[in-house]
Amino acid sequence: MSSSNACASPSPFPAVTKLHVDSVTFVPSVKSPASSNPLFLGGAGVRGLDIQGKFVIFTVIGVYLEGNAVPSLSVKWKGKTTEELTESIPFFREIVTGAFEKFIKVTMKLPLTGQQYSEKVTENCVAIWKQLGLYTDCEAKAVEKFLEIFKEETFPPGSSILFALSPTGSLTVAFSKDDSIPETGIAVIENKLLAEAVLESIIGKNGVSPGTRLSVAERLSQLMMKNKDEKEVSDHSVEEKLAKEN
């Protein structure tokens, strides 16, 4: 192992602010109900539809990421503007498939039944898989389990649906009747494609929340630039130290 690798320190946890979206507050960091890892707020936005000329908001969505997402994404995407990232399909695919934990908090603005919510989510997931040519029996069974988890649930305004996506591909589902986040989930589905598709259906190319997509792009653009600047300062300090030692 080289001396530079031996001296490398873990990336600092990103310092971010909370976000207020349509009277819903997303705190700067949360503990994942799947792993208890701290995750930072990557972005937030609304999901709504234009109904008879009026934009109706159904849910407000926050996306949280593990701290190592920033250096991982920085390798390819640092220096890109918010606009460039927002328009980049590969960038959001890398977030969706990246080897770091993700967490999604979906807070209700209007009441929804579990059946209404889960059927729409799985419909979007299946559309993504078919587009990618990835729909198999395993995914069909994962969809059945997903629908079963939600079948008897109802979600009044202010309640939340929570998803934790592990780097290994499991999807942990949890529910909250208020703003709290439970320490553990109520069910785990071991299907990597389903876990990824749930997130992609929100922030991907045809995702249901363009506002969340824009928010994630804006925040990560800033964080990657900050990470780049800090790394350059750190590298310069190491070079100075080595020069003095020699």
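Glycine too: its Cβ is placed from the backbone N, Cα and C atoms.
Values in this document were obtained by computation on a predicted structure and should not be read as measured data.
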>> Looking at substrate binding as recorded in Swiss-Prot, which candidate out of SER170, SER176, SER180, SER201 goes with THR59, ASN124?
In response: SER201
> Three states by DSSP: which one describes THR59 (substrate binding site)?
Replying inline: strand
> What's the CA-CA gap between ASN124 (substrate binding site) and TYR117 (site 'Important for catalytic activity') in angstrom, rounded?
Replying inline: 11
> How many Å separate the Cα atoms of TYR117 (site 'Important for catalytic activity') and SER201 (substrate binding site)?
Replying inline: 13
